[in-house]
Amino acid sequence: MSQDAGEALRSVQVPHNMFRRAISLAKRVVGHPENAVPTVSSTEWMKNNFNVSERQVQGYLIGLFPITSWITRYNAAWISGDLIAGLTVGMVVVPQGMSYAQLALLPPEYGLYTSFVGVLIYSFFATSKDVSIGPVAVMSIVVSQVIKRVEAQHPGEWDRPQIATVLSFITGIIVLGIGLLRLGWIVEFIPTPAVSGFMTGSAISIAVGQLPGLMGISGVNTRTASYKVIIDTIAGLSRSRLDAAWGVSGLVALYLIRYICTWGESGYLRRKRVFFFITVFRNAFVMILLTLAAWLYCRTKEVDGKYPIKILLTVPAGFKHVAPPKPDSKLLETMAPDLPLATIILLLEHIAISLSTLLETWEKPPRPSPHAKRPVGGSKTIEPFAIRLVSAKMDEELKKTGPFLRLKHAFGRLNGYTIDPSQELIAIGATGIIGSCLGAYPATGSFSRSALKSKSGVRTPLAGVVTAIVVVVALYGLTDAFFWIPTAGLSAIIIHNVIDLAASPQQAYSYWRVSPPEFCIWMASVLVTVFSSIETGIYTSIGASLVLLLLRISKPRSAFLGRAIISEPANYKGTTREVFLPLSSANTSNAGIDILPPSPGVLIYRFEESYLYPNCSIFNSVLVSHVKKNIQRGRDMTDAKPGDRPWNDPGHRRSAVKDEIENRQKPVLRAIVLDFSTVSHIDMTAIQTLVDTRREIEKWTGHNVEFHFATVLSPWIKRALIAGGFGMKTPVSQEGLSRRHPLQALDDVESAEGVEKHPSTTPTASSINFISSDTPFFHIDISAAVASAERTIAQL
C-alpha cells in the first residue's frame, strides 16, 4: 500500500517539476531578473478591475431603474411640489413642443408626442429630479436637416414622420448602448467653450432661420447659411404679409412680460411668487392671445380653405400615429452620415444640462450690503455667483449659463444628490426607442424647462408623470383650439426661447481671461456654425478641442527647479520652510522670490504632465540639451581627431585649449532629481526614452549619474521605472531597455538601512514603511530626493 502511495506521489511530482522548469526557462527567455524587487502585480490589477461580485451585478441591474430606490418612500409631503412643477412644465412644453415640431419640418402633433414620451419615460430612468426631456431647438433643426437630405436623395420615397421616427429609433439604440456600457464619460472630452460656441452659433442660426416666418416672408431658403438668410430676409421685407402683425407683436409681448416681471420681482418682494408664475406662463399666455386674435380675424375670411394668415389648421386629436418604426435598409444607408451628428447632439445637450453648474459664471459678484459682516482679518473674499433658485433672475441666468458651464453636478450639487451620466444616457436611449413607436422624434434634455422645473419646487422625478398628463389632456381636449394658432406666433416663441442659449459678452470675455486658446475655439465654433452649418460647427468645435488637448499633452510645461526659503504669515510665528520653484522667472507667478540653484552637480527637473509617448521626446530633448550646455563634458576633446567627433559636432569654436578650459569651469554632474509629483501615468515609450536619456547623459559626463525620483506614489509607475532599471542600487539589465554596469549607490536617507543619519533626515516609521530599502532612489518628496543626491556628492 505504501509502495502504491509513493508511486502516486512521484507521478504527481514529475509534472510539477516539469512545470517549474518550464516557468524558469520562460523567465530566462524574457529576461526576468533573478532577484526581482517586489512591485504591484498584474493579478492584483485584474482583481481590482474585473472581480465582479454577484452583489455588483444586482446593483447594476437595479441601478438601471432608479425609480425603485425612492418610489417606496414616496409620501404626501412631496405631492404638492411635484404637482406644481409638473403642471408648470406642462403649460410650457405644449406650445414649445408644437413650435419645435414646426422647426423639425413635422406636423405639430409630433412635438406633443415627443413631449409626452420624454417626460414620462424619464421618470422611470432618471437620476435627476430636475431634468426635463422633450423636444429641443437644436435637435429639431438637426432632424429637419436629415429630412431635407433624405428627401433630396430619394424624393417621395418616405414621408417625413417615418424618417424622424427611424432616426429616433437608431439614435436611441446607439445612446442606450453607450449608457449600458457605462461610457458616459466620453462627453467630458468636449470642453465648456466648445459646447458654448456650438450652442451660441446654433441659437443664432435657429433664430435667424425663423425671421422669414416671423415676418410672413415667403420664398426664403432658411436651410442655408445664416448670413444668406439675413440678406434674403432684408431683401424680401417688401413681401411681408399680415403674419408679421402676429409674429412681431408676439415676440415683443414675450420680452415685455419678462422684463416687467423681472422688475416686479426685484421691486415687490411680497409679490415675487406671482411675478414668477406670470413669467413662467408667458409662452402659453401670449399664444392664447395670438390664437384668439387669429380666430377673431380669420373665422369669416376663409377662401377655398385658405386664410389671410398662416395657421396650423387641423391637429389630430390623440395618438393617431402609433406604429412601430420601419427602419428600411435603404433609409438607414441614406441617413447614416447624419447619425454621428444626431448622436453627438443628444449626448451633448443632455449631459450639458444634467451636469451643468452655475458656480463659477465669472460674472461680478453682487455688491455686498454695507451692513454685512466683514470676514475676520478684513481680507477680501470673492463670492462665486450663487445658484439663485429663489432669486428674481434665476430663469434668465439659467438659460444664459446652463449649457456652457459643464463643471459637474449643478442640479445634483444644488439639491444634494448625484447624477450618473451613463444612466442619463440610458434614459435618453430608452426615450428614443420607445418614443419611435408613438411617433416621437429624437428628444433630449431641455435646459429652460429643466430650470423651470427646479425653480418650481419639484421633489421627485414623478413630476414628469404630471407633465405627461397635461400633454395628454392637450392632445385630446385642445386640438380644436390648436387649429387657429398662427405659425408666426410659433416662430416668435422659437426665437424667444433659443436666443437665450447664446453666450453673453461677459461669458465670452471670461473664456478669454481664463484660456485664450479655448476662446479661439469658442469663436471658431460660433463663426463656422453661423457662416456654414450646425453640422460643420459641431465637428469644428470637437476637432479643435481634441487638437488643443493633444497639444497640451504633447507640449507640457516643464522647468528646472531651485531652492527658495519662504516665510509663513505672522499667525505662524514667522516660521520658514524650504520649497522648490522654477529657476526661470517666466515659470513662476512671483518673480520677486530669491531662488537659489541646487548644489553643483545636482539638477532638479519637474515635468508637469503624465509621462507618455506623445511628450516623452520633449523630456529627452530638454534634459539632454540642458546637460550638454551647462554640465562639464567628461572626455577631454583637446587632442581629438576630426574622425573621433560625431558628424553633428561642429568642433572647436576658438581653440581646443580655450574650449577645454571653459568646459572645466562647468560643474560635474552627479545626480538628477526628477519630480514625479505631477506624473500620474507612464508608458513603455516613455521608459525607453528615459533609458535613452540616461545613456546620452552618461555618455556626455563619462561616468554614471544617479537618477532620483521624487513623489512616485503610483505603484504602476514604480513598477515601470524598476523594469527600466531605475530606483535600485543595482539596476536591472533588460534587453531593449538598458545594459549598464552596476551602480554602487549610497544608502538613501529614507531607507531602512543606512549609514550615518542626520537628525534632519532621520526617517520616521511611516517613511520607512513607505520607501523600501530595495529602491533607495525613490523618495517620498522632493526635499528627501535632493538631500539624498547632495549626500552622494558630499561623500565622493
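Every residue gets a Cβ built from N, Cα and C, even glycine.
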According to TrEMBL, which of these ranges is transmembrane segment: 104-121, 194-211, 482-499? 482-499
With a Cβ cut-off under 8 Å, give me the same-chain residues at least six positions beyond the ends of the transmembrane segment (482-499) that come close to it. 95-96, 98-100, 102-103, 108, 137, 202-203, 206-207, 210-211, 213-216, 243-244, 246-248, 250-251, 254-255, 283, 286-287, 290-292, 294-295, 298-299, 309-315, 448
Select the range from 163-187, 274-297, 537-553 that forms the most Cβ-Cβ pairs under 8 Å with the transmembrane segment (76-98). 274-297
Model confidence over the domain 'STAS' (600-726), averaged pLDDT: 87
Could you tell me what the rest of the chain brings near the transmembrane segment (537-553), counting residues at least six beyond its ends with Cβ under 8 Å? 189-191, 194-195, 197-198, 201-202, 341, 344-345, 348, 517-518, 520-521, 524-526, 528-530, 609-610, 612, 614-615
Any residues 6+ beyond the ends of the transmembrane segment (274-297) with a Cβ under 8 Å from its own? 88, 91-92, 94-96, 246, 249-250, 253-254, 257-258, 261-262, 264-265, 268, 308-309, 311, 392, 395, 452, 455-456, 481-482, 484-486, 489, 492-493, 496-497
